[in-house]
Amino acid sequence: MSDIGVFNAAVGADRAGLRNLKRVFWNLEAPGLYEQALQRGEAQLAVGGALVAETGIHTGRSPKDKFVVRDAETEAQVWWDNNGAISPEQFDRLHADFIAHAEGRELFAQDLYGGAEPAHRVRARVFTEFAWHSLFIRNLLIRPERDELATYEPDLTIIDLPSFKADPARHGVRSETMIACDFTRRIMLIGGTSYAGEMKKSVFTYLNYILPQAGVMPMHCSANVGGAGDSALFFGLSGTGKTTLSSDPARALLGDDEHGWSPKGIFNFEGGCYAKTIRLSREAEPEIYATTERFGTVMENVVIDPVTRLPDFDDASRTENTRCAYPLPFIPNASPTGRAGHPKNIVMLTCDAFGVLPPIAKLTGAEAMYHFLSGYTAKVAGTEKGLKGPEATFSTCFGAPFMPRHPSVYGNLLRDLIARHHVDCWLVNTGWTGGGVGTGRRMPIRVTRRLLTAALDGSLAKADFRRDPYFGFAVPTSVPGVEPHILYPVKTWQDKAAFAETAKKLVEMFQANFKRFEAHVDADVRAAEPTMSIAA
């Protein structure tokens, strides 16, 4: 076996059990990875210099194929209702077969950090079969200085072999595709899928497992910080505006997806962004668009013209989930440190396709925990096959697939931090107003931005509020620059009876979903549940 590149020779591939490899390319930077990816036919070059790769049949994550080793350590720690389990013996067979499959192959290795705060970072070593995967994860995680590589020792090892096909009977998994996590031995295996996002989310899953024990809150959120050091967190599921609304020219971007909250403040887990590109335009999102024209960016499943190599961001023939991965410094106002003080504001974003939630509401600590555990948004027809109308989605902690522990662990951590640091919390509806999908209209982005500006500059917290009779939280009675009736959802509907019926339906959905958490929360959190205080 030959090694090419800079690495700690005392802790080589054999530490991960890998042996009889043809070659390992260690910590190659973008030019070297471009050469390898293009020579191997893994990717194409787009106009401007981005590397474009396809992922085949897997154009998104495979959450049902993700498994955690159930052993003496994890038995009482992992939320098994939400995480598939395999035995240590099944993982041993899987790991041995992974090692055998890798023999004779060339692999790419990246030594990286997950976490911008040194005291709470994980050293993640990622072995990949594809050169473009190596560039992807190099873009997404935090890159050590070159002189750190000679003494780097990994805490976590990830091996990603898309050509490996699992045997469900032998390995205890569901299909040929699998993501297997051994938290005790700190090994993660990814096979049978070329979707690069699995690597990024594997690191996130590991951090979500280990950090709560250290009193650090891991979060699926974006974050930014103002000139006065006033930071803000934006929680939200896909399609709620998390990336768009945290991108503010007046505020520095910490990150767009994964953060931690420690006794020192908040910090990004990553060193890059993984932005959706479907229908991306230079006019609407100029900073993200500019990254697609830069050398070093990886574009995933984006259709490009075979002759001109121009990308067509409106083409969803492969998937709606087209993306680009780029280092954070590609964004002009990105924070150079990825760290900030304790947040002044927390924003929970929801896309309410039923059109009954107000555009903004102020939450108490108990209400914030309730809505964090609920993780509500709504899917709209067209986003998923077979979906005819709005469908409520509850993804606890705004990221259920990545949460190994019980949601109450994260919810209680968040609630304690909110109370300790006197954080203002807001629920923001970026969905529909004046009716649901089909009868109403999308909440104007200018309204949402105006409300967020007032929330983040502190003026909204001093406004007059009314108690929403359907959902119980506090809603401002007026905000400068926002039409008053928009703050009263029922006033935006022509059919008041239909509004009441729809609101009642959504309240009942919240109540039904939260039953699974009632035994794990205090009475004040249970009391924060929507209860319909008026007859409807």
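Glycine residues also receive a Cβ, built from the backbone N, Cα and C atoms like all the rest.
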Lys201, His220 bind Mn(2+) per Swiss-Prot; candidate in Asp147, Asp155, Asp160, Asp257 listed for that same site: Asp257
Binding-site residues near Lys242 (ATP binding site), in sequence order, restricted to Arg61, Tyr195, Lys201, Asp257, Arg323 and a 10 Å Cα cut-off: Asp257
Per DSSP, three-state class assigned to His220 (Mn(2+) binding site): strand
Three-state secondary structure, which DSSP defines for Thr240 (ATP binding site): coil
Most distant Cα pair in Å, residues Arg61, Tyr195, Lys201, Arg323 binding substrate: 15
Gly236 (ATP binding site): tally of other CB atoms within 10 A of its CB: 25
Inter-residue C-alpha distance, Arg323 (substrate binding site) and His220 (Mn(2+) binding site) (nearest angstrom): 18
Rounded distance in angstrom between the Cα atoms of Thr244 (ATP binding site) and Asp257 (Mn(2+) binding site): 12
